[in-house]
Amino acid sequence: MRSVVLLSGGIDPVSGRPAPPAGEIAAIGLALSVGGAVGGLHAGAPVPALRQAAGHGLEQVDCLQGGGDAVAVLAEALFAAPPDLVLAGRQARGGEDSGMLPYLLAERLDWPLLSGVVAIGATAEGWLAVTIGLAQGARRPAQIRLPCILCAHDAAPAPPFVFDRARRAVLRVVPVTGEEGPGMVAVEGTERPYRARPRLIGTASGGGGTVLEHPDPAEAARVLRDHLRALGMLAPPREGAADA
Amino acid sequence: MRALIAGEIGGVALAAAVGWLVLLARWLRGRPAAGSWLAGLRHVPRRYLVDVHHVVARRPVAARMHALAAGGVLGGSVLALAAAVSGLGWSVWALVALAFGVGGMGALLAWRRRVPGTPPALSGGAFLWLPAALAAWCVGNGLAALFMAVGAPMTAIVGAVVLGGAGGVALLRLVELGPMRHALAGVAWLAGHTRPGRFAGDGRDTGLRPLDLAAARLGVLVPADFPGPVLASFDACIQCGRCEEACPAFAAGQRLNPKALIQILSGAMRVVPPPYAGRPAPMAPVLLGTGGMAQPIVGNVLHPDTLWACTTCRACVEECPMLIEHVDAVVSLRRGQTLMLGQVRDGAARVLEASRARAEPGGRDLAARGDALATLDVPVLAPGGETDILLWLGEGAFDARYGRTLRALVALMRRAGLRFATLGADEVDCGDLARRLGDEAGFQSLAAEAIAALKTRRFAKIVTADPHALHVLRNEYPALGGIWRVQHHTGLLDELVRDGRLRLERREGVRVAYHDPCYLGRYNGEIDAPRRLLDASCAGRVEMERHGMRAMCCGGGGGGPASDVDAVTRIPDLRMAQARAVGAGMVAVACPGCTAMLEGVTGPRPDVRDVAELVLAAVVA
């Protein structure tokens, strides 16, 4: 299986220094977990953050230099030599990256896309098993048809940074002549100051809660047991067992 | 008869020389020494008789034993060979007998070391045979010389020579097994010592050397990656156990025993190493990998936790009579793991990543470093600006507790009328943590940025309250082109008090024990200025048992807290118990790391105050 990891050449949101976004490092980790050939792909000139990203496990990063619309340039490169799997981060981190890019690319290539992937499983008959990370640590298995685009969850295991790999990585410049994209779309709107909003507290499983005040122990135990059963963490009651 | 004695002693000497060459051939498979290893031989007598003896003599019983045994064996053997070859008269033979007699006394003292019981820090095994071998060599050859002097019958001389010869063979076998190897390897190590600065000037050479980041192999993965003299240093270890008695990680039950570490590194060079009969690292699983010059060390014969448990406090180096550089070995191995394999503990990986992306191991905004001083309006020096003192705030400035110390320091500097400024958001981390964790690339990039920022400003000196930053700025930046006068805040305050710019009035109160930061004491030799300040500000200063150059680490150095290696107990708890043991009601500190570690001790405990805070409380004008 051949995987390509999309690298944005990120900026650290706190320091403003070049640094690969956590999601892209996680994407590299997912690509490595699949095995096979893994390469990096970047629309733009080689920047220091790419070498840092490569330190997490890429031998080569192709830099599509020559301008034009990033989506078009990437789509053309991917169309010319289609990989089985394209991986990307999930969220822009303040550099020249965009959380929309994987979606636009998927639309252009007409490939399926899944976001928030924390683990990749086996392939079977052109379908890839993945695990999606949900809020509060919940996990959901899913299947996706290959080739596809996966956006890595930030919490997917990150491969370690190895300076030796970073210094050896090849940043290959690929000259491209991309069509000019739609450019910056001016968005109409007004900027308002931040307004504190109440936090919405929910659970991944969607269950509410029951508050018992000074319950008697048997009552408390029964409510707890029913709650755990409702969550599926306890087996349902056996036939004929005394439920008390 | 003379030929027999010459043959016996000469034969053993020749065999020892061949053994030395066999060892040398192995060491030479390491990286080449920095200078000429051979030319270093001329320094050996002085380094042996002065520097080695200086450390050995801290324990008079051991020093007496070694002086008698080594002096007697060497002196007797050389004299006997001279007497046997040149045919000198009875008086010289009497002298030979006397020398071997002295050696025999040494053998007796060596025997007393492990009888009735072997102290826990000493190794057993082959070491138990050492006194007998020494005694046989000294008694046999001594008697032979005595018989030569008085003209005893031939059979008596032959019998004595046979006993001496048996002792000689036993000593040669003990070279192979370890106990006598130190004599041969020690010569090579002292000749090629990797820190010649320890034998010149003020005798301190503690800064790590920069690594060439373009080299194919960064740091150490296999024994052959160590320089030749360093390999000799591992073989030179006599397993006296002084390092393990001083090691804070060992005391806390972490998987590090410096003595076992050096023995493992010595064994790593060999497919079949001689058995080790000392204490292992606490609770470290035994790794059964096979050694060899090209075999990986970590994970094969050395447990990774051993590497990351080291706080780089240099207590072991300070105690080592063979002047072995344990911390250099640990950092070399860490460099291999970090730079070549990325194999660091999770917590360490996070601080290294933050150091790369944010130039700050805690991942905080550099502009927030000065927040602790926000109310004091300390000027920020812009590029091109000029001031007298550049105040380097360091990593501790982000900590609210240490902010109090910095505010006390700033208040004192203001009171003394000093002109000073900070770098503001241009102060990046000095790179200490990255360097100790083996990330030399991260360190060099931070150092380059820090040096560039400092070079655009003009100032007379740098003052910092962080001994780690002090060490890096003072001792490690010069190799990268940053040469400034760097002073610790205790040194500055001491100067101000001495010059009468700050007047202190001693306050009555609880007993105060000063805890020496490793990077101020052992790394920089500054142990007096903080004590003078405390004597001037507090009544009733007491000394903990381990203090000054032999103080115990708080556990905060070398990336220890970030690496978070399993332990039985916490190092700062042990240190705090030592403060309690001398009845201290307050522990004075001079380092943000020590402050955080010692304040982290739970339960009722002595208060922790920085020297600057205590000085501020005592200042009257």
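Keep in mind that glycine also has a Cβ here, set from the backbone N, Cα and C atoms.
Annotated transmembrane segment per TrEMBL: B:6-28 (among others), in sequence order. Long-range contacts of the transmembrane segment (B:6-28) within the same chain: residues 77, 80-81, 84-85, 141, 161, 164-165, 168-169, 171-172, 175-176, 181, 184-185, 187-188, 228-229, 231-232, 235, 269, 293, each at least 6 residues beyond the stretch ends and with a Cβ under 8 Å from a Cβ of the stretch.
What TrEMBL lists as transmembrane segment is B:67-86 (among others).
Proximity of distant same-chain residues to the transmembrane segment (B:92-111), defined by a Cβ-Cβ separation under 8 Å and at least 6 residues beyond the stretch ends, is recorded for 61, 64-73, 75-76, 79-80, 82-83, 130-132, 134-135, 137-139, 141-143, 145-146, 148-149. Annotated transmembrane segment per TrEMBL: B:92-111 (among others), in sequence order.
The transmembrane segment annotation in TrEMBL covers B:123-150 (among others).
Note on the transmembrane segment (B:156-175): residues 1, 4-5, 8-9, 11-12, 15-16, 19, 126, 129-130, 132-141, 143-144, 147-148, 181, 183-184 of its chain, located 6 or more positions outside it, place their CB under 8 angstroms from a CB of the stretch. For B:156-175 (among others), the entry in TrEMBL reads transmembrane segment.
Here TrEMBL flags B:228-259 (among others) as domain '4Fe-4S ferredoxin-type'. Nonlocal intrachain contacts for the domain '4Fe-4S ferredoxin-type' (B:228-259), taken as residues 6+ away from its ends with a CB within less than 8 angstroms of a stretch CB, comprise 23, 26-33, 37, 59, 62, 119-123, 127, 178-179, 181-182, 184-186, 188-189, 191-194, 265-266, 269, 278-284, 303, 305-306, 309-311, 313, 315-316, 318-322, 324-326, 328-329, 332, 550, 552-553, 555, 560, 565-571, 574-575.
Under the heading domain '4Fe-4S ferredoxin-type', TrEMBL lists B:300-329 (among others). The DSSP breakdown of the domain '4Fe-4S ferredoxin-type' (B:300-329) into helical (H, G, I), extended (E, B) and coil residues amounts to 15 helix, 1 strand, 14 coil.
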For the transmembrane segment (B:123-150), sequence-distant contacts whose Cβ falls under 8 Å of one of its Cβ atoms, 6 or more beyond its ends: 1-2, 5, 8-9, 69, 72-73, 76-77, 80, 83, 90-91, 93-94, 96-97, 99-101, 103-104, 106-108, 110-111, 114, 156-157, 160-168, 170-171, 173-174, 177-180, 239, 241, 259, 274-278
